[in-house]
Amino acid sequence: MEDYVKIEKIGEGTYGVVYKGRHKSTGQVVAMKKIRLESEEEGVPSTAVREVSLLQELKHPNVVRLLDVLMQESRLYLIFEFLSMDLKKYLDSIPSGQYMDPMLVKSYLYQILEGIYFCHRRRVLHRDLKPQNLLIDNKGVIKLADFGLSRAFGVPVRVYTHEVVTLWYRAPEVLLGSPRYSTPVDVWSTGTIFAELATKKPLFHGDSEIDQLFRIFRTLGTPNNDVWPDVESLPDYKSTFPKWKGGSLSSMVKNLDKNGLDLLAKMLIYNPPKRISAREAMTHPYFDDLDKSTLPAACINGV
């Protein structure tokens, strides 16, 4: 830690306080995340240190770079590249009655998918994607923060400040208690973020797990074994759930064209193996008119 100096506290993340800092000798500005773990007394579990150290290998223009993992008095500090704005703050800053430029929505979504596909290829899930951990710069680049941290530290029910972790972007298989889930959970979250990019409003803003599920069901229909094999045997599925018909997605997301709505619907398919993958989503006709050569990952994709 002696290599870094804290400049100011910039926020409270899922796992602890986040500071803006500077590397003393290079002057590089960084984000310093102090990780608070439930089992504080025993110090940091070695498995968490191992897991998180692997994340230093994730090097992609749309993934916030983990620069260093440091221990100080049984506290873990993660040193990340610094970006000053997150997507939630940006969406909140757009004046009432105005919306994000449709081409920027498209560019941001494509870049998010680039970052997700890169991590999924490396068997790393996010599990907690939301506008607060999508960071942007002033050049139109968006980057995913906190990729892989859920595996190292778990996804807490409450932030260490006792604020409840948001459920708005959580996939239905997670909400229904599925013990096994995989990469489609991140695609679902990205779909809900896609809708929010277009409308500035969260698509499903539940205030409890059951309210969250019911908001999804009202919009997309209550799932059963016909549309999602074995959903009725998931731990938190109840045969007493109201049977909504759904079919109201397009009326809730007015600012998307036909291709955008088609892609969104494919990202929000209930049955996880049938849900579009990040890689498949990137080839969807919605992106046909996006100039991919200007995107930050173009150089590594050979566009």
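Cβ atoms here come from the backbone N, Cα and C positions, even for glycine.
These features come from Swiss-Prot:
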DOMAIN    4-287  domain 'Protein kinase'
BINDING   Ile10, Gly11, Glu12, Gly13, Thr14, Tyr15, Gly16, Val17, Val18, Lys33  ATP binding site
MOD_RES   Thr14  phosphothreonine
MOD_RES   Tyr15  phosphotyrosine
ACT_SITE  Asp128  active site, proton acceptor
MOD_RES   Thr161  phosphothreonine
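Annotated features, which come from Swiss-Prot, shown on the structure.
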residue : record                       : CB count, 10 Å
Ile10   : ATP binding site             : 15
Glu12   : ATP binding site             : 13
Thr14   : ATP binding site             : 24
Tyr15   : phosphotyrosine              : 23
Gly16   : ATP binding site             : 21
Val18   : ATP binding site             : 19
Asp128  : active site, proton acceptor : 22
So around the ATP site, Ile10, Gly11, Glu12, Gly13, Thr14, Tyr15, Gly16, Val17, Val18, Lys33 aside, which residues have their CB within 8 A of the centroid of those CB atoms?
Lys34
Pairwise CA distance, Thr14 (ATP binding site) versus Asp128 (active site, proton acceptor), rounded so that it is a whole Å:
10
Going by DSSP, is Thr14 (ATP binding site) part of a helix, a strand, or coil?
coil
Whole number in angstrom, please: the longest C-alpha to C-alpha distance across Ile10, Gly11, Glu12, Gly13, Thr14, Tyr15, Gly16, Val17, Val18, Lys33 for ATP.
14
DSSP three-state call for Asp128 (active site, proton acceptor): helix, strand or coil?
coil
State the mean pLDDT for the domain 'Protein kinase' (4-287).
93
How big is the gap, in Å, between the Cα of Val18 (ATP binding site) and that of the residue listed as 'active site, proton acceptor', rounded to a whole number?
17
